[in-house]
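Swiss-Prot has this to say about the protein:
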- GLY4, ILE5, VAL6, SER145, LEU146, THR147, SER162, LEU163, ILE164, PRO165, THR166, THR167: 2,4-dihydroxypteridine 1 binding site (BINDING)
- CYS47, LEU48, THR49, ASP62, VAL63, MET64, ALA65, GLU66, THR67, GLY101, HIS102, VAL103, LYS136: 2,4-dihydroxypteridine 2 binding site (BINDING)
- 1-97: repeat 'Lumazine-binding 1' (REPEAT)
- 98-197: repeat 'Lumazine-binding 2' (REPEAT)
Amino acid sequence: MFTGIVEERGEVTGREALVDAARLTIRGPMVTADAGHGDSIAVNGVCLTVVDVLPDGQFTADVMAETLNRSNLGELRPGSRVNLERAAALGSRLGGHIVQGHVDATGEIVARCPSEHWEVVRIEMPASVARYVVEKGSITVDGISLTVSGLGAEQRDWFEVSLIPTTRELTTLGSAAVGTRVNLEVDVVAKYVERLMRSAG
């Protein structure tokens, strides 16, 4: 489990093609400080398992074909910047919300509206996740726990989030251009509520 509070921006330093998979090498000195083989690290909101911890704060992780296709990890190349977070420790503060590290879909940044102190980012989303997104609710965008500040009024095919300076500075979303594909994970509580309501008839 993760919290959506990004610990650092890492950098992809290598990508090796495997059979139906890829092995990524990522530099992240903070998240690798106490990491070992088998630990979980969220990369752009995708839970990956550490294969090896390398010198200079690097680690390797394998990404299967389904994940490469369903998330933006398939677009990563050496030099790409990524959001990194270690799995939450029992008893640690839950600064964001419960994040599983299982991407539900990808969205696309369609507009950025900066102001003096914050910036509103509009993201187009597929219908498969739209029903779980509510105004003032939580959503994970590339591993970042954010609050939905606006929704499309009619078709509900987009939502907006507001970025404070700290989020812009410490995450990749601060520099992501219009047209960038981002990973989306909706609040898992909404999924459970829907399942319970369906079961109740």
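Glycine is treated like the rest: Cβ placed from N, Cα and C.
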Return the maximum Cα to Cα distance in Å (whole number) over the record's 2,4-dihydroxypteridine 1-binding residues: GLY4, ILE5, VAL6, SER145, LEU146, THR147, SER162, LEU163, ILE164, PRO165, THR166, THR167. 17
In sequence order, which same-chain residues at least six apart have a C-beta under 8 angstroms from HIS102 (2,4-dihydroxypteridine 2 binding site)? CYS47, GLU185
Measure from the CA atom of THR49 (2,4-dihydroxypteridine 2 binding site) to the CA atom of GLY4 (2,4-dihydroxypteridine 1 binding site) and give the result in Å, rounded to a whole number. 17
Min neighbour Cβ count (10 Å) across binding-site residues THR49, SER162, THR166 flags THR166
Around GLY4 (2,4-dihydroxypteridine 1 binding site), how many other C-beta atoms are within 10 angstroms of its C-beta? 26
Maximum Cα-Cα separation (Å), residues CYS47, LEU48, THR49, ASP62, VAL63, MET64, ALA65, GLU66, THR67, GLY101, HIS102, VAL103, LYS136 listed as binding 2,4-dihydroxypteridine 2: 35
By the 10 Å Cβ-neighbour count, the most surrounded of the binding-site residues VAL6, CYS47, VAL63, ALA65, ILE164 is VAL6
Can you tell me the three-state DSSP label for LEU146 (2,4-dihydroxypteridine 1 binding site)? strand
